[in-house]
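Feature annotation from Swiss-Prot assigns Mg(2+) 1 binding site to Asp323, Asp327; the stated evidence is similarity to another entry. Per Swiss-Prot, the feature Mg(2+) 2 binding site maps to Asp323, Asp327. Annotation source Swiss-Prot lists Mg(2+) 3 binding site at Glu476. The motif 'DDXXD motif' annotation in Swiss-Prot covers 323-327.
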Amino acid sequence: MSSQVSNFPASIMKTNDIPDVKRSLANFHPNIWKEHFLSFTFDDALKIDEGMKERTEKLKEEIRMMMIAYVENQLIKLNLVDSIQRLGVSYHFEDEVDEFLEHIYVSYNNSLLLSNKNSNGEDLHITALLFRLLRQQGYRISCDIFLKFMDDNGKFKESLVEDERGLLSLYEASHMMGHGEALLEEALEFTTTHLQTYIHRYSNINPSFASEVSNALKLPIRKSVPRIKAREYLEIYQQHPSHNETLLEFSKLDFNILQKLHQKELSEICRWWKDLDVPTKFPFARDRIVECYFWTLGAYFEPQYSVGRKMLTKVIAIASILDDIYDAYGTFEELQVLTPAIQRWDRSMVHTLPLYMKPFYVAMLELYEEIGKEIDKDQNSLHLQVAIGGIKRLSESYFEEAKWLNKEYKPSFKEYMELALKTTGYTMLISISFLGLGDHIVTNEVLQWLSNGPQIIKASTIICRLMDDIASHKFEQEREHVASAVECYMKQYDCSEEEACIELHKEVVDAWKDTNEAFYRPFNVPVPVLMRVLNFSRVINLLYLDEDGYTNAKSGTKFLIKSLLVDPLPC
């Protein structure tokens, strides 16, 4: 669809200097949540009574004692650790989990892990669970431990097909693969094939396990947003005959307590958003403040990161409007004025901007002033410079893309990717998320590491760009829009859309391998820093799995948000 004349109401069009200019409108759907979260008050937060808090602390201590108690059968504790992590409460027991898995690594490194004769090692579930938990913890365990489950032809034994739990554990373990691990690629193909068959054959016989398998095939643990996976797994875990009642009760209480905190944060953010009056001042932009907060929850949900969540959500929201100004509304001439104004970063530049850009520019500057006050009393701190530098570079990248569109330039795939990795905004958003971790974690050394363009961040931007383009390129090409990775790949390699998407997906798979390898010990930066990057990749994997769930937030994304921010768990 070609450019169309803006058809906004006259009252809104008065905000523009040239009301009859032709603009390439995207016609995004309005905010589906309206003022739902504005109704949350501080009194609602107080509904977590003292009795609930006391009960939670008592249960927490009981679980901690389970973790430090001696257990002769280590499989019991392995399953406990796995459940603690999958239920989203491991942040309460980080030291205990670290100590236990280090003990497991040291104790079993020369026995269970490397011996093909150890009888305990013949259990596929145990071996796969051990492998995944240790790799998640940064221990580079060789995938050769799975050789015992392969036949003389280098294929997994067909007898394993009867071990559904073992297959599921191996499937989850295979997603920890790095480069050159053909055995894990074989494991992924083998388990995926047979687990898909299991769902079709036995969904009525064992619906709970079939549901667990179905969820895993769609979103394996390694690529899942922790808070979403916890909500999902809580319903499955309570149906396990061997579930730990103490852990189950604690996890439900913890989920609901955190949900109240998240609702309070979102209410504050929605009030800030309402004061910006986005529907009136920026009617061309995606009104997605609740979705922005959901994105942030994917990056970090733990209570100690409350300030960081509020900062990051606001930056995502401002960056989203900026994206829509460059991508869906601003004329090339207007963008020629906005870009240098952002580079100057000076309130006096407001007078140079078109009327509709003025409130955006002021809001952006005020937001970063607020961030500066939050992270450091010294407004000239390196942390603040990094934050401001990120959005400056993002606007420059957006403008380079606008130049392509203005010239009707069709880049090669390589040329497109060099710029498109910058226009994801992911490097900027990841750096903002770091600021919410605190100076004790994000030191100047970490900021230096960030400035060097580490492979894990590049991998996250690749995942973001390619999954975004695969999901949204058809919608974007309905209007004047720069070519996506799909179109550029099709043109350069003279292939079909389906073939292009298959090849781009392979690059996403390689980016996940880069991500996994960044978690091998010794760590270059603190683990909380690496976890933010991993979680940003997980959010993209969730929101863009089937469609652009940020732009089109009326179906799947709405359900996910409802599960985390509206519906409490029955206790």
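Every residue, even glycine, has its Cβ placed from backbone N, Cα and C.
Sequence-distant contacts of the motif 'DDXXD motif' (323-327), counting only residues of its own chain at least 6 positions beyond either end whose CB sits under 8 Å from a CB of the stretch, comprise 26, 28, 282, 284-286, 335, 338, 357, 360, 395, 398-399, 401-402, 425, 481. Helix, strand and coil counts from DSSP across the motif 'DDXXD motif' (323-327) read 5 helix, 0 strand, 0 coil. For the motif 'DDXXD motif' (323-327), the predicted model reports an average pLDDT of 95. For Asp327 (Mg(2+) 1 binding site), the count of additional Cβ atoms within 10 Å of its Cβ stands at 20 [all protein chains shown]. Around the Cβ of Asp323 (Mg(2+) 1 binding site), the same chain contributes Tyr398, Gly425, each under 8 angstroms and 6 or more positions distant in sequence.
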